[in-house]
Amino acid sequence: MSIPIPGIKDISKLKFFYGFKYLWNPKVHDKIFDKLDLTKTYTNPKELKVLDLYPGVGVQSAMFYNRYSPQQYSMIERRSSLYKFLQANFEDSPLQILKRDPYDWSTYSNLIDKERVFVPEVQPSDHINDSFLTVANVTGEGSEGLIMQWLSCIGNKNWLYRFGKMKMLLWMPSTTARKLLARPSMRSRSKCSVVREAFTDTKLIAISDGDELKGFDSKCLEEWDPIVFSAADIWPTKGKPIALVEMNPTNFDFDVENWDYVTRHLMILKRTPLNIVMDSLGHGGQLYFNSRITDKELLKKCPIDLTNDEFIYITKLFTEWPFKPDILMDFVDMNQTEHSG
Amino acid sequence: MLRPVYRSVVKTSVLQKRLLSSKGSKLYKPSPDSTSTLIINDDPLVAASSSSSSSPSGIINSNDFPLFNKSNKNTTNNLSYQWKNASNMEFDPFNKSHASAITSMTRTRDVMQLWSLLEACLQSNLMKRAFSILESLYLTPEHKQRFIEDYNMYLDAFSKNEPNFPIIKMNEKLTNDLETSFKDINYNDKTLAIMIHHALNLHPTASSMLLSPTISAYLKMSVNGIRDILSNLDILTISDLSILVNDLKVISLSQLPTSVKPILESLAPSSTLVNNIENENGFNKTAAEKDLNIEKKLEFGRDSIRTPSLDPLREASLDGSMGVLPKDAEKLVAVDTIGMRVIRHTLLGLSLNAQQREQISKFKFDANDNVLNMKPTENGEESNTSINFFEIYNSLPTLEEKRAFESALNVFNQDRQKVLENRATEAARERWKHDFEEAKARGDISIEKNLNAKLWKWYNDMLPLIKEEISHCKSLLSEKSVNKRALNKVDSNRLGYGPYLTLIDPGKMCVITILELLKLNSTGGVIEGMRTARAVISVGKAIEMEFRSEQILKSESQTFRDVNKKSPEFKKLVQNAKSVFRSSQIEQSKILWPQTIRAKIGSVLISMLIHIAKVSVQGIDPITKAKVHGEAPAFAHGYQYHNGSKLGVLKIHKTLIRQLNGERLIASVQPQLLPMLVEPKPWVNWRSGGYHYTQSTLLRTKDSPEQVAYLKAASENGDIGPVYDGLNVLGNTPWTVNRNVFDVVSQVWNNGEGFLDIPCAQEEMVLPPAPPRNSDPSILRTWKLQVKTIANKFSSDRSNRCDTNYKLEIARAFLGEKLYFPHNLDFRGRAYPLSPHFNHLGNDMSRGLLIFWHGKKLGSSGLKWLKIHLSNLFGFDKICLEDRIAFTESHLKDIKDSAEHPLTGERWWTTADKPWQALATCFELNKVLKMDNPEEFVSHQPIHQDGTCNGLQHYAALGGDVEGATQVNLVPNDKPQDVYAHVAKLVQKRLEIAAEKGDENAKILKDKITRKVVKQTVMTNVYGVTYVGATFQIAKQLSPIFDDRKESLDFSKYLTKHVFGAIRELFHSAHLIQDWLGESAKRISKSIRLDVDEKSFKNGNKPDFMSSVIWTTPLGLPIVQPYREESKKQVETNLQTVFISDPFAVNPVNARRQKTGLPPNFIHSLDASHMLLSAAECGKRGLDFASVHDSYWTHASDVDTMNVVLRDQFIKLHEVDLVMRLKEEFTQRYKSYVKIGKLKRATDLAQKIINIRKDLSKKLGRNTTLADEIYFEKKRQELLNSPLLEDKSIGEKMITTVSLFQDVKDLDTLELENGGDENSGMSVLLPLRLPEIPPKGNFDVRVLKDSQYFFS
DNA sequence: GTTCTATTTAATGATATAAGTAATAGAAAATCG
DNA sequence: GGATTTTCTACCGACAATATCATTAAATAGCCA
């Protein structure tokens, strides 16, 4: 028996979406699932456990379940109006609804370690975890930070990534997708695209139609061949376009802390060639790196043109720098409170 | 009033010019009658007003100045206003009210920038460019009135540039310029002065025969009389005047300006010197050197020949213009100057002991050599180089001797002050050089170790870079045709900042840059460095400041350069004339460098410094683990993120930081802003007062031209005399450093340990170990936060220590000196010392280090107050006076111990609330108590009298609130009331009641309410603290009681409600007034001025509100709340772009801040008035007076007098219903303003409006907007104000949606307050009305007269 | 020599940046349809 | 016109985001009559 899928009529009655947007059109969802071809990874869906963060109205959740019937499908949703909606629609379904806050780290430690409500299997990092999948919708304009934090969790191998290379299907604003997916020399290339490149293998799966599409490189679009759906397939209709990406963690081996410092600082002046920009890494950086980097072509490049491998190379030189600055003290403290009676 | 005889310049000018331009000798023989026919009497005001563009929106409305009537001496007693008309129709950049004139605002900015550029170009002799700037200025229509001043600037520079340009040619040029290039511009007396000066200073070979008639001709052309020409002392030098009087005899002594008359009188004709040699040789010298030469001449006569110097410093300088003390000067100063010999003579004539005698006879009374004790003391040479003037002064037995001593000291200090303000950079440079040479003798390692030696190296490396840059700029600027397209980016930038960069001696710029950067270490929240934005602007400002004082010095020495007489009396005359001169110079200067230029200059210099400043560093090679030595830049430019925003930072290398921590930082204190050695220049004008060579403004305006406009108008109207009086009393209080306390602090400091609020010296910070990378994100986060907290603590400790270091070093420099704090005001009128770091507003330590210079015998009541003071410092200030005395008397042993063994004893003083001040008091008390007759003890300790919650005192007086007044000691009582304790009691009562009703929270909290818990909230309540804010305050107090933070916060929330309730209950009428002020501010800031440019109404029905809240204090000071939306822009500099605000942008008001700001600001403006009134009165009564806002200080013996004054002035202030007066002022000022409100639809009036709108809609073919209605109402007003009768009558017939309200009386019944039915209200423009004043209570402020605890 | 247009440059505005919403959370003002 | 979202959060002294890209306005060159 399949779970009934909420229709747009019911969905449109909902008022509060907290800035998040959801694809409601089941037809597009079908196309997406076809494209994702998840059974290739999850050869035995019966053993699959799915964590659905911010499921919203649950259209995707229900359709997922109907398609694959995983062992466990848990939805984490705390926002009251949406939680009520989920309850009303899926109370008696096999979908598990948990009223927790996906933003809060403790949600996961409680669920996994304390209450053991959702316990994924730890798998080695030579392959994508084939019994654990996370689906999330972080389409809120103000919630981009959460995505970035999750990304850095891949680098730290903590949070859900302690269970191995877990695949994540992630809805996000199209602009965020554009930034994340940008490749060297592209306009949107920024630190977070380097992070994406360093830790994951990410593909654009689907994206709503609109101006934002123009920001993507045409070659890349050709490569990913995403499903382009109409902006009308999203609810609420107002707001900016959204996109779905598939994120697969990759293996990496470098000094993350120093790499973080190096990329962060270099990407500030991303159009300044390396032979000049290195001074912003610390006292006398230019002199040091100009003597260490033997490849004169590399020195002519700008940070925006660098691949992650090149960043790793620079990081290596950075760690070998005898006078390298203290990377821990890389912050400012805004005026703390003083003055009293 | 007698009006000076004006001549209509419009009609005479052409004829005069023709006369002047006539060729040949005719010019020099003007027939007397031909000139006299040129004088046509005409009313100049007519011409002026008709030629001015008289846009009403561009000038402050006459309604804007409701000021107090000065005719009645008791200003506060008079409720009638005198609406002064600031009918200043001239264009003036500051004379703009924000509410209007968006376009002229941008023009203002343009003019300001052109001015600063013009000045810069003239200084750099870029005459061509200057001329083209003049042409641009000429095109600004509003500027015409003042244009001649700019032209004069140009002409003066031209004259200096071409000293041998024949006068005929000069005259031709003038005629040509004014007739063709700048039509309609007429010369003024200054122009004539320039011509006369030029004529007088032409090479003597020029036909001096013709000199006299030429000059006579110019004199006769005077616009406002010969006197006016002669008053231009910045043009005409003393020797010029001397020639005019004595040689040419074209003028008489009586026509001279009063300040210089005595000088010329005493200059016998024979001794007059005209120094033409100086004229020929000295043109490209900087002011400093010129001045130096003057100084030397003043002191040794003109025979002293400057020996050519081989000093490397001089060699290094650009075109030999380094303003440094020549080496041979040292030899010279060893010889006494006559003036100084007299001082020494005077001093030695006093009753001195042998040691003092020896000190004085050894002491070099030379200002250059003995500015301040800034040299290290380790060498033990102190006794030779400095004198403890304070000790000598104190040891003098008689008043006469003291006076004589002070007078001699003053003459010496006048010179030192001048050096202090002008030669500080040279002094620093000298010190570096000295240290470098010493270190060099010891070897290379010690150069690296010695900071100053290193700085000297940087200086020498940087200098050529700057010079190169300057010469780049110069060649670029002097290029004939500037092909903008062909320029690269660097060069086009140079074009912008170049003119400014060439103004100042490169060496000075080096020193300033280095010092500024060192000073800014660890500021702006940066761990080891500073914010780039701040750095570039600071350097830019410092450069500008240097330039300004150089300018003043330069023109001063120019004018007085030939004055050469040696008697001390004469010297005093000159000093006096000079100070008058300076005052007027500062007053005249209106030019400021644009912020963008400052930033650019700063960045250029800083990037050079970054480039050359190196430190040697050592690190560990991560691979080989070997120690590596190397060299790294001392400064590095980079970025850091804060909440996702980039922040440009300038990092300082750790090695240098460590070195700085152990260093005496006196050198980097901005020397222009140290305390003064002589009385500050009195405030006579809104921009003249305080330091002698550094310009400061009366009001600390927040880059708001609006504030300046009102201040300026008030100042020019002569309305704020009482403010000046009060401020001058504050500035004239002489202080000295408390040596006893200083010794203790110094000992503690050198120890390096933490003591009281001095944090200990820390080398490295200790961080907790990092958790493994794959720990839960929450764990990683808490660790990060820990690190941040520790780092913050570390850096705040360090900057704290650094700040203490500054204070201490300044104190050390001023040991034994007589010092003054020049003051100015914040925008509400509260007074602050101009000198940062070390002043009596500082922390406990700063205050403890300061005592009055003058001593006064304790007399009959002094001892009592000294004892009370100690008790107050220990926090026992809310018990009756007898108990406080008893407290002190019960600790006599402790006092003795504290005074005699401050660190080795029991350290009782450290337990005080304000330990350092307590220690200071202990020292005095200890001495007093040893005396047989304590009344004879001469006390220097300032005794404080603090208001009990001063803000609430004013509120209570305003509201006539008997209960409140009682609580804050306005009502006589035998025991002081403790507001905080009382509130606590009330809260306690409330809680008990609640607890009885079964309230759980109340049960837990009810016994935990102390005075301390509520104190901060009661205090901040005056400032309008919100519920949330108060909750945090209380939570902070409760946190020790509860373990759980969450719990503590919950309780706090609950408690806050009760505390607020209690305060409201207790100070009910105060709150009503607070609310009234808030509501009024809200309405005003949401109102629309009709004559506003429609552009600000572009959003249809949502206008930008432009009116800020403005009022006048009882002293006549206009106060403008500067809260507006800020608009900042990115400005490109060498290092990065910086984000700075454009002061001339016209921004809408920030209604919220206007609203929350008015209640506290109004109250502060009152307490400031009270303070200034009291200060003036105390000054009159011969008291030494100081204040920290609501804490008033004087000698122990004078406390009783002061208290009487305080009460009298408070009564005087509040005898008038100030709230009523404020409302009247508001009503008057915002008379024709409208607001957007809602009108009941079902009324006749509403129907009429609908009809008008319908008609209008038809005409326009679209829906009407409120903007349209404003437009028509504006039209109507314009017509009504038109001088043409027909216009007026059209206006009278016109009906607009606004005019309909004119006759409506019962608006209240028609207007819908917030809410109402949806369809019953419609948006209309309503006249602005203010809420009703809450009723005043029965408290009569006059009972205060007998309240001894009012201030205690 | 002028006027008009094409092209380049300067000026201005918009957007992204990092990555626990700084320590906190509930009211008041502003916005939007 | 009313609900939702954003913006605060006690006053003053006090002190500050920036790099890059897109778009628009202005200026210059060129062109031709």
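The first residue you see is number 1, and the count goes up from there.
Cβ coordinates come from backbone N, Cα and C, glycine included.
TrEMBL does not curate its annotations; it predicts them automatically.
Cβ neighbours within 10 Å of A:E77 (S-adenosyl-L-methionine binding site), excluding its own Cβ and spanning all shown chains: 26. Sequence annotations record features per position, and here TrEMBL assigns S-adenosyl-L-methionine binding site to A:K21, A:L23, A:E77, A:D101, A:N137.
Residues A:K21, A:L23, A:E77, A:D101, A:N137, recorded as contacting S-adenosyl-L-methionine, have a largest CA-CA distance of 21 Å.
Note on A:D101 (S-adenosyl-L-methionine binding site): other Cβ atoms within 10 Å of its Cβ, all shown chains, come to 14. Under the three-state DSSP scheme, A:L23 (S-adenosyl-L-methionine binding site) falls in the strand class. In sequence order, A:T139, A:W171, A:I234, A:W235, A:P236, A:G239, A:I242 are the residues of the chain that are 6 or more apart from A:K21 (S-adenosyl-L-methionine binding site) and have a CB within less than 8 Å of its CB. DSSP assigns A:N137 (S-adenosyl-L-methionine binding site) to a strand in the three-state reduction.
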